[in-house]
Amino acid sequence: MAKRKTIRTIPQARTPMPEQAPEIRITNFDEVACGYRLEDALLEAERCLDCPDQPCVRGCPVGIDIPGFIRKIAEKNFHGAYDVITDTNLLPSVCGRVCPQESQCEGVCTVGERLEPVAIGRLERFIGDRAIAEGWTNLPYIERNRHKVGVVGSGPAGMACAADMAKAGCEVTVFEAFQEPGGVLKYGIPDFRLPNSVVDAEIEKLRQLGIRFECNTLVGRLFTLEQMMGEMGFSAVFVGTGAGYPSFMGIPGESLGGVLSANEWLTRCNLMHGRDFPAYDTPLQPGKHVAVIGAGNTAMDAMRVALRVGAEKVTCVYRRSAAEAPARAEEIHHAQQEGIDFQWLTSPVELIGDEQHRVRAMRCERMELGEPDASGRRRPVPVAGSAFEIECDMVVFAIGTNANPILGQTSGLKLDKRGYIWTDDTLATSIAGVFAGGDIVTGAATVIQAMGAGRRAARAMKAYLGLRD
Amino acid sequence: MSDFEIVARSDFSDVTFSLEVRHPLMARAAKPGQFVIVMEHEHGERIPLTLADFDRDKGTITLVIQAVGKTTREMQQNCRVGTRLHALVGPMGIPSHIGAAKKVICVGGGLGVAPIYPQARAYKESGAYVIGVLGFRNKGLIFWEDKFRACCDELILCTDDGSAGIKGLVTEGIKQSISAHADIDEVVAIGPPIMMKGCAEATRPFGIKTMVSLNPVMVDGTGMCGGCRVKIGEVVKFACVDGPDFDGHLVDFDDLMARLGRFRPTEKAALEAWQESCRLRGGAGH
Ligand SMILES: Cc1cc2nc3c(=O)[nH]c(=O)nc-3n(C[C@H](O)[C@H](O)[C@H](O)COP(=O)(O)OP(=O)(O)OC[C@H]3O[C@@H](n4cnc5c(N)ncnc54)[C@H](O)[C@@H]3O)c2cc1C
Ligand SMILES: Cc1cc2nc3c(=O)[nH]c(=O)nc-3n(C[C@H](O)[C@H](O)[C@H](O)COP(=O)(O)OP(=O)(O)OC[C@H]3O[C@@H](n4cnc5c(N)ncnc54)[C@H](O)[C@@H]3O)c2cc1C
Ligand code: SF4
Ligand code: SF4
Ligand code: FES
Ligand SMILES: [Mg+2]
């Protein structure tokens with residue numbers, strides 16, 4: 001038997017990800033990170049120490065058997081690795097790309113104590129992409145029962161719940177308001193980070209499980225949750241409608257032309273293909289000098305999209321410092337490489353318009369970090385006399401979202417103080433048989449957390465329906 | 001669910017036409033004041049249109065469309081009976097509150113004439129005395145007069161040139177009604193923002209509650225993009241989920257009108273490119 005690996009014997013350097021060069025990639029929407037080749041994956045798999053205590057598994061919100069799947073990669077048993085991952089995670093090619101690994105699995109990897117951690121996400125993506133390319137699906141034998149299950153919203157939470165309930169033998173229909181399924185994965189996250197073709201491939205697998213997708217269906221308004229549980233004959237319903245409703249700051253000038261939310265900007269560009277105007281009809285009207293407020297993933301996406309549709313200068317305005325920026329480390333790194341101008345510790349106070357009611361500048365003030373606030377982060381406080389202007393013809397707000405009000409308006413669902421759907425620990429809502437999870441319960445979170453919630457709700461739903469888990 | 005087939009169409013003028021689309025579930029769910037979002041084809045944009053009528057027995061909804069730019073003109077050209085819309089979602093928005101008002105004026109002008117119809121009918125059904133005030137540019141553009149007569153106790157037509165009814169704007173009609181009836185509980189007005197603003201100003205001195213239906217630029221219609229935000233008094237609301245009906249005395253109409261021009265340069269380019277391609281196709285003898 002081979003000698004046990006130690007931190008000294010493994011490849012010391014993390015296997016680099018093949019990437020498009022910054023000056024090229026800002027001219028296209030192809031993926032920035034091109035994915036590990038076979039030899040990259042095999043080399044990186046050698047770096048896992050197969051730790052007995054498996055800290056990485058606890059770092060993953062859904063507890064993927066990480067050393068287990070990496071071992072299979074090292075053995076060149078890729079289908080085996082796929083089986084291990086999909087035992088817990090339905091969307092490896094998605095999560096491998098977009099999980100904030102540095103604060104989840106990789107953040108606690110033993111190798112990371114001395115060297116760069118094992119590239120768990122990249123390996124996971126390698127397997128997910130291989131499964132798509134090879135057409136692996138792992139269709140289980142499904143014993144049909146008589147239950148009809150409805151899923152509202154086709155983002156990661158809804159997809160995960162739908163898959164588990166279909167595997168349990170239920171007849172599952174997913175209702176989506178947009179004309180295409182996928183949620184934020186489709187309308188929000190741009191192709192250069194997560195191609196829509198990858199999302200479509202994952203949705204195709206759900207279709208193969210027998211799941212039906214009904215798009216153009218606004219639940220609550222076309223029919224209510226109560227109607228679903230009553231006359232429409234659903235035995236149980238899962239609500240995964242996301243958070244949605246974007247926030248603004250309430251500063252003067254927010255209604256000027258050229259000022260929009262990141263959701264509007266990204267939806268026009270991604271889902272509606274505004275970047276291919278006039279082949280597609282949705283107007284995008286990109287700015288030349290774009291200022292984006294916020295420093296989360298959404299802000300990074302908004303800025304990098306702006307670059308790719310022709311902006312000459314893109315500025316990130318964030319009231320805290322780089323250390324507090326909530327985006328994935330890789331996104332900030334990529335944004336920096338692409339030439340985004342970061343104005344840390346800066347807060348907008350007013351947007352200034354021209355005669356045509358279009359934005360022409362943003363007045364800002366500098367901030368400094370004061371005492372820690374409720375979130376434990378040091379609270380930014382304005383520096384007196386520090387006001388200055390950034391010239392810009394487009395401003396994007398990427399400062400978070402609130403709960404979407406539609407299901408609250410149209411059903412008896414109990415909501416929490418902030419308007420999100422209230423659930424108990426099992427993700428059951430106040431209506432019997434109706435479960436909820438993802439951003440609409442927790443507020444904006446991550447893809448893998450939403451997916452995990454969908455699966456957790458499925459477990460509770462099975463118990464409610466008296467099905468074996 | 002439905003394949004969004006167009007089952008009937010009529011043309012009211014060279015710019016206004018109606019489409020009756022099969023969607024039984026929506027016909028059942030629809031209420032006055034709500035709207036839908038339509039995509040004509042796969043490469044199309046999402047545009048909001050008010051539910052101008054719905055027939056629960058036939059399982060259809062009716063849209064009345066004014067051809068103003070690329071998408072609506074293309075629909076005018078392509079949406080024939082038997083064709084299908086690519087997407088149709090709704091009903092959206094909070095239904096109009098048909099309250100206990102005993103006497104109401106329902107005002108429709110321009111593309112607001114059709115959308116005011118379901119409200120007038122609903123008020124009639126709730127037992128109110130309904131005064132309809134409809135504005136058209138001239139006699140030739142009048143449509144649905146019979147439908148309105150069937151649900152209005154009084155109908156006042158206003159034309160710009162006086163070719164039918166009274167000569168002048170709908171605000172003239174409102175003033176006449178207010179002076180004839182001292183007990184008007186509510187005014188409901190739908191039309192171009194400038195018209196709704198005029199209506200709100202006409203009723204303000206009398207303190208008559210005036211509801212308007214706002215039409216800002218929308219994308220999703222589900223509260224997700226914030227493009228449809230409007231100023232109502234001191235607060236900002238999203239018209240698609242918090243409206244589209246708001247208290248006309250609180251609406252910042254100037255803000256609404258300015259925001260409606262947000263994408264005008266691109267819209268103009270789209271229309272010109274499309275007209276050019278039509279001309280070329282026509283010229284090639286197809
Ligand atoms: C731009 C952007 C970038 C992001 N980047 C990352 C990242 O890199 N990594 C990461 O982990 N997370 C990221 N996130 C967060 C992540 O995408 C979300 O946490 C996750 O998608 C939430 O999943 P969900 O299933 O709860 O909802 P969503 O993905 O929001 O899906 C909800 C779906 O429900 C539909 N819907 C809503 N209401 C109704 C209704 N009444 N009837 C029918 N359908 C309805 C919506 O149209 C939507 O399709 C990002 C988010 C954004 C916006
Ligand atoms: C709630 C609501 C209900 C409406 N009901 C009707 C109706 O019943 N009948 C009708 O004819 N029209 C209605 N409209 C207006 C209709 O949506 C626009 O006229 C249409 O989108 C114009 O598209 P276009 O490409 O033909 O013209 P464009 O040249 O693209 O636009 C012309 C003008 O229409 C407005 N507009 C453009 N795109 C949108 C959009 N996505 N959303 C809203 N406004 C837009 C802008 O002010 C623009 O300058 C309604 C709008 C709203 C918000
Ligand atoms: S799902 Fe995300 S957190 Fe879990 S192992 Fe994969 S990349 Fe890491
Ligand atoms: S912590 Fe790191 S080295 Fe240890 S098993 Fe997990 S991935 Fe491998
Ligand atoms: S249209 Fe997007 S929020 Fe109203
Ligand atoms: Mg248009």
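Quick reminder: no glycine exception, Cβ is built from N, Cα and C everywhere.
Annotations in TrEMBL come from automatic prediction, not curation.
Record features, source TrEMBL:
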- B:1-98: domain 'FAD-binding FR-type' (DOMAIN)
- B:V64, B:I65, B:Q66: FAD binding site (BINDING)
- B:C225, B:C228, B:C240: [2Fe-2S] cluster binding site (BINDING)
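Counting Cβ atoms from all protein chains shown, B:C228 ([2Fe-2S] cluster binding site) has 25 others lying within 10 Å of its own Cβ.
Annotated [2Fe-2S] cluster site B:C225, B:C228, B:C240; additional same-chain residues within 8 Å of its Cβ mean position, judged by their own Cβ, are B:P216, B:M218, B:V219, B:D220, B:G221, B:T222, B:G223, B:M224, B:G226, B:G227, B:R229, B:F238, B:A239, B:V241. Note: B:C225, taken in sequence order from the binding-site residues B:I65, B:C225, B:C240, have a C-beta within a distance under 8 Å of a chain A C-beta. Residues in the domain 'FAD-binding FR-type' (B:1-98) partition by DSSP class (helix H, G, I; strand E, B; coil) as 15 helix, 40 strand, 43 coil. Taking a Cβ distance under 6 Å to any atom of ligand 5 as the criterion, the binding-site residues B:V64, B:Q66, B:C225, B:C228, B:C240 reduce to B:C225, B:C228, B:C240. For B:V64 (FAD binding site), the same-chain residues that are 6 or more apart in sequence and have a Cβ closer than 8 Å to its Cβ are B:F12, B:T16, B:F17, B:S18, B:L49, B:T50, B:A52, B:L111, B:V113, B:A114, B:P115. For B:C240 ([2Fe-2S] cluster binding site), the same-chain residues that are 6 or more apart in sequence and have a Cβ closer than 8 Å to its Cβ are B:P48, B:M92, B:G93, B:M218, B:D220, B:G221, B:T222, B:G223, B:C228. Calculated from their C-alpha atoms, the gap between B:Q66 (FAD binding site) and B:C225 ([2Fe-2S] cluster binding site) amounts to 25 Å. In the structure shown, across all protein chains, B:C225 is the one of the binding-site residues B:I65, B:Q66, B:C225 with the greatest number of other Cβ atoms within 10 Å. In sequence order, B:T16, B:F17, B:S18, B:L49, B:A52, B:L63, B:A67, B:T72, B:L111, B:A114 are the residues of the same chain, not among B:V64, B:I65, B:Q66, whose CB sits within 8 A of the CB centroid for the FAD site. Taken residue by residue with DSSP, B:C225 ([2Fe-2S] cluster binding site) is part of neither helix nor strand, so it is coil.
Distance noted between the C-alpha atoms of B:C225 ([2Fe-2S] cluster binding site) and B:I65 (FAD binding site) is 24 Å. Averaged over the domain 'FAD-binding FR-type' (B:1-98), the predicted model reaches a pLDDT of 94. Candidate binding-site residues: B:I65, B:Q66, B:C225, B:C228, B:C240. Those with a Cβ under 6 Å from ligand 2, in sequence order, are B:I65, B:Q66.
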